[in-house]
Structure formats: structure tokens, C-alpha cells
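As written in TrEMBL, here are the features:
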BINDING   THR30, ARG117, SER177  L-threonine binding site
BINDING   ARG53, ASN57, THR113, SER139, SER147, ARG191, TYR230  ATP binding site
DOMAIN    8-195  domain 'YrdC-like'
Amino acid sequence: MDTQIFKPDEVTAAAALLKAGQLVAFPTETVYGLGADATNEHAVKQVYAAKGRPSDNPLIVTVTGPDMVTQYTEPLSATAKQLMQHFWPGSLTLILNLRPGTLSKAVTGGLSTAAFRNPQNQTTLNLIQAAGVPIVGPSANTSGKPSPTLAEHVYHDLKGKIAGIVDDGPAAVGVESTILDLTADVPTILRPGAVTEEDLAAVIGTVRSNHHKVGATEVPKAPGMKYKHYAPNAQVYIVDQVTDWPAALAWAQTLDGPVGAMALDDVLAANSLPANVEAFSLGQNVASASHRLFDGLRHFDLESPVKTILTQGFAATGLGAAYMNRLNKSAGQTHFQK
Ligand code: TXA
Ligand code: MG
């Protein structure tokens, strides 16, 4: 199948494909998503096939706002309403109890809950409006690979497997949404994102966070957390301290072949790079680093292949919690040690 590229003003044509049961990738402020009509079980099943995604890993339901959510859920709690008011549209996904029989098992993986997300991208809100139905929206990458922050990344992974891609340029945030479980006793963060624990606590008070505590034998609450994720072909090493870079680069120099180095501009400027090391700038701060992380990992897979990538670590607070969560998974928890 030919994969058509749509511009933001061509969403009517893209919506027609969705209504016909086809797959269309769409932009969001976090990463690109892979869309299918969430009410069409056959279409939703194709999403798993296109991504190579395990079928027990449920999908996010992407909506235009709270009204679309309540067609499928129990009446919203005061907490849910408050959160939607403050953070929607935006990078917060909410896990809510479903009304039985409303969404297919293909969407929910058989759970009695579902994840709802109202992205902050007008093109995609127009697309869903035009389709008239919520659309499922896992990240539009091959399962296990870094999430796509550019339409080109989607095209690389899924060309020939999906009907279209709506291209609205680079995703602003670069890491996926915060997932908050509102079906637990205390609202619980299952995946950190740009809406931070501090942001949530300021609006609803106590928030729990369980994304660091998933042990090998435990069943994770967000099923996706148990799978290998964000992994480039190269081995990633996290360089935790800025002061470790001279030793890390000296080690890189002893390796055979090219090595990638992903770090902030001031780190790159302060260190002289060995001839076999190629730099990829993460910009000035943790926000630009989050924006560029997946693009950098893909760069060293595709455009400039290496076997080893050194990547700067940050303190795991605020947006740094989201950045380190993704980096730790892509590195398989491997840290550079002096
Ligand atoms: O920013 C995002 O959230 C992006 C954009 C495209 O919207 N989407 C995204 O979807 O990251 P995905 O499928 O790659 O990640 C969704 C995660 C998975 O780990 C899945 O297991 C979890 O959400 N999830 C989905 N439904 C759930 C549920 N009912 N309970 C717990 N976790 C759920
Ligand atoms: Mg994903």
C-alpha cells in the first residue's frame, strides 16, 4: 500500500480514510500517534499488526475533550473533571473506569479501564472532529523502537503498512504523555511525562508514583511498561555526571569504530571530542534534551550508524523524571562507569 502524506489543511481526506477503517498517523505535542477508529474493532486490530505490538498491551483513546470521554465511561469524578479543566488539551492521559461493553477488547486488552488523552495539536483535534469518532493512538513507531517525533520517523517505520501520515512538523515536547491512573485509591502516575508530579499535586493534592517500582516479577499497571522500549541498535551508556565526560570520551576513543555522544551544548563545548566520536546536541536544558532524545537515538541508528552511544543523564525531577525514564529504558539501565 502507498502511504500518503497529508498537510494540516488536508485532514478531511485523512479523516475519510479513518472512517473507512484505514490507519492514519497523526501529530501530537508529545510524539506522533498511529490512528484508527476506536469504535472499529477490525481497524484497531490492524494497529497491532502494523506496529508489531503485543496484543495484551492496550491502546490510548484520543479524544477532542471530556464530552467524547463520557460516551464510554462511568460519570466523571470531581478529580477527573478538575484535571481535565487544568491540563486538557495537553500531555496528561487519564485511566478511567469504562462502562461495560462500550469499547472493544482490541482497545482495552480486556481491562475494565481505558486510557484517554486529549492532545494539544489543533490539526489532530480537527482530524478527530472530522472523523466523528475517537481514535486509538499508540506511538507511531515499530514496537520497541524510539517513539517518532517527526513524520519522517513514522514514514521510516511504517511506510507501506499504513494508509497515511498527517505531517505537522516536529513534536514540541518529544516524550510521551504523563499517564495518571484515576482508578487506584490514590491517583497514581504510571508513566512520567511533561505534566509533572508537582504539577498534578498542585491541583489535586496527593499523587503517588509507581513507575520506578516495577520489579521483574510484578505485573505492571501499565502493561506497556514490561516490554523492551526505546531501544536503538546501538548500546546506550548514560553519563550521569557532567564531570564524567572526559573519562567517558577517553574510553570512547579506545573503541573500534564510530561512537555517538549526545549531550548539552555546554558539555560538548567544554570537552574535546576524539576523532571517532560524533556529537549530537541536546540543546541548552532538559526541555530541549527531551525534545531531541528520540531523534538523536534514531540519528545514530539510521543516518550515522554507531555501536555505542554516550548520552547525558539529568536529575530525575520535574521533566527530568520523564527524560530519565525513557533514557533508562533505551539504555537497559546501563551507566558509564569510570
Ligand atoms: O503521548 C502519548 O501518550 C502518545 C501520543 C501518540 O498520544 N501515545 C502513547 O501511546 O505513548 P503508547 O501506546 O505508546 O503508550 C500507552 C501506554 C502503554 O504503556 C499502555 O500499556 C498504557 O499506556 N495503557 C493503555 N491503556 C491502559 C490502561 N487501561 N491501564 C493502564 N495502562 C494503560
Ligand atoms: Mg509507545
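The backbone N, Cα and C atoms fix where each Cβ goes, glycine too.
Features per TrEMBL, on structure.
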residue : record                   : contacts (Cβ under 8 Å, 6+ apart)
THR30   : L-threonine binding site : SER91, PRO119, ALA171, VAL173, GLY174, VAL175, GLU176, SER177, GLY193, ALA194
ARG53   : ATP binding site         : VAL47, PRO138, SER143
THR113  : ATP binding site         : ILE95, LEU96, ASN97, LEU98, ASP181, THR183
ARG117  : L-threonine binding site : THR28, ILE60, VAL61, THR62, VAL63, LEU92, THR93, LEU94, GLY137, SER177
SER139  : ATP binding site         : VAL31, TYR32, GLY33, LEU34, SER147, PRO148, GLU176
TYR230  : ATP binding site         : LYS145, PRO146, SER147, PHE294, LEU297, ARG326, LYS329, SER330
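Within 10 Å of the C-beta of SER177 (L-threonine binding site) we count 29 further C-beta atoms, all protein chains included. A Cβ distance below 6 Å to any atom of ligand 2 is met, among the binding-site residues ASN57, THR113, SER139, ARG191, by SER139. Look at the binding-site residues ASN57, SER147 and count other Cβ atoms within 10 Å of each Cβ; ASN57 has the fewest. Farthest C-alpha pair in the ATP-binding residues ARG53, ASN57, THR113, SER139, SER147, ARG191, TYR230: 25 Å apart. Maximum C-alpha to C-alpha distance over the listed L-threonine-binding residues THR30, ARG117, SER177 is 11 Å. On the 0 to 100 pLDDT scale, the model's mean across the domain 'YrdC-like' (8-195) is 97.
DSSP assigns ARG117 (L-threonine binding site) to a strand in the three-state reduction.
A 10 Å cutoff on Cβ-Cβ distances gives ARG191 (ATP binding site) a total of 25 other Cβ atoms nearby, all chains included.
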